[in-house]
Amino acid sequence: MVEVFDKYKDLIQEGDLALIWISRDNIKPVTINANETFNTRYGSFPHKDMIGKPYGSQIAIRTKVAKKFAFVHVMQPSPELWTLSLPHRTQIVYTPDSSYIMQRLNCSPNSRVIEAGTGSGSFSHAFARSVGQLYSYEFHPVRYEQATEEFKEHGLLDKNTIITHRDVCKDGFTIKKTDETSYQFKADEEQLQIKADVIFLDLPAPWEAIPHIDSVIDNDEKVGLCCFSPCIEQVDKTLEVLEKHGWFNVEMVEIQGRQYESRRQMVRSLDDALERLSDIKKRKLAMVERRQKAEEELEKKIEANEKNLPELPPKSIEKSKFNPFGKGYRVKEGDANFQWKEVTKVESEIKSHTSYLTFAYKIKRNEDENLDKN
């Protein structure tokens, strides 16, 4: 399988592709070089400090200006982390969608998968880790070259991935010797025999590619298809063509992912509420007494014709340190002086719609038998 993304190693070595975790939404791919430094707004992290450390280690530095500590984590690449850090060439398939698609299509080490188009290569890495053979197609020449170079660096082309520059909507999926492809043809081989049992279409017009699928699928297997479509209008056209070409068990699914965060909530008892009310009452009475005293002193000064009149005290109430509700005096979450309970909180920004997933299945052998009977 894939070396960089599939074989785990303990220690960081020079030349490794590592993912620097700055924050949950900020992960950067870096090739480790002892003479280089990884720069962030929090500080600079020399690569030599990372070499020899276990993957997952926290690399900390002390900033000169603020005299505070800054840190990052060095992670080993995986398809899931790569999805969060890769350079975007197109819209990508995120892990909530890709994991569901692979489970729904029963992908396994024996699966032979067709993926069109390659795009940014996010799903390609997940497929390459889990399936037996991956045939990936990209019609855009620049994206094809970028993906080919990336797959080569990550070890995908040496294992189970073949990428081809081809417009499958017009020219179909058959890989010929004249095509620009990573597959190495033999001298007497004119075209590559593909018997796929899983099809994934991430195309603007998947309905144009569906008629070409029959020539490259396994006649003896149940073939699963998934179309990744951002617009419902694309789904409508795809459904018409799927029905026309004999696909069955058609179903459309939309994945909505939410992230739940672990939090602690202060336990509020009746005694706390009564104590807080008592605390508020004491502070108000103290404020009234101070103002009355200040007013009396002011009247005496006026009567004595003093020129420099004292200022009235501020109207704000002096904050008390007791506050079980977190108002006024700041209470830090998890403070040992208070009682807490574990709760969950949904992330504030819910991820919006990505795409519709249209699933369908086909057994070509049954089609051929029906044609023979007719």
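Keep in mind that glycine also has a Cβ here, set from the backbone N, Cα and C atoms.
As annotated by Swiss-Prot, S-adenosyl-L-methionine binding site applies to Ser120, Gly121, Ser122, Glu138, Arg143, Asp167, Val168, Asp202.
Here the features listed in Swiss-Prot are painted onto the structure.
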residue	record	DSSP (3 states)
Ser120	S-adenosyl-L-methionine binding site	coil
Glu138	S-adenosyl-L-methionine binding site	strand
Arg143	S-adenosyl-L-methionine binding site	helix
Asp167	S-adenosyl-L-methionine binding site	coil
Asp202	S-adenosyl-L-methionine binding site	coil
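Taking a C-beta cut-off of under 8 Å and a sequence gap of six or more, Asp167 (S-adenosyl-L-methionine binding site) has these contacts in its own chain: Phe139. Looking at the residues that bind S-adenosyl-L-methionine per the record, Ser120, Gly121, Ser122, Glu138, Arg143, Asp167, Val168, Asp202, the two CA atoms farthest apart are separated by 20 Å.
Neighbour list (Glu138 (S-adenosyl-L-methionine binding site), Cβ cut-off 8 Å, at least 6 residues apart, same chain): Ala116, Gly117, Thr118, Gly119, Tyr144, Ala147, Ile163, Thr164, His165, Arg166. Cβ-based neighbour count (10 Å, all protein chains) for Arg143 (S-adenosyl-L-methionine binding site) stands at 18. Shown are the binding-site residues Ser120, Ser122; of these, the residue with the fewest other Cβ atoms within 10 Å is Ser120.
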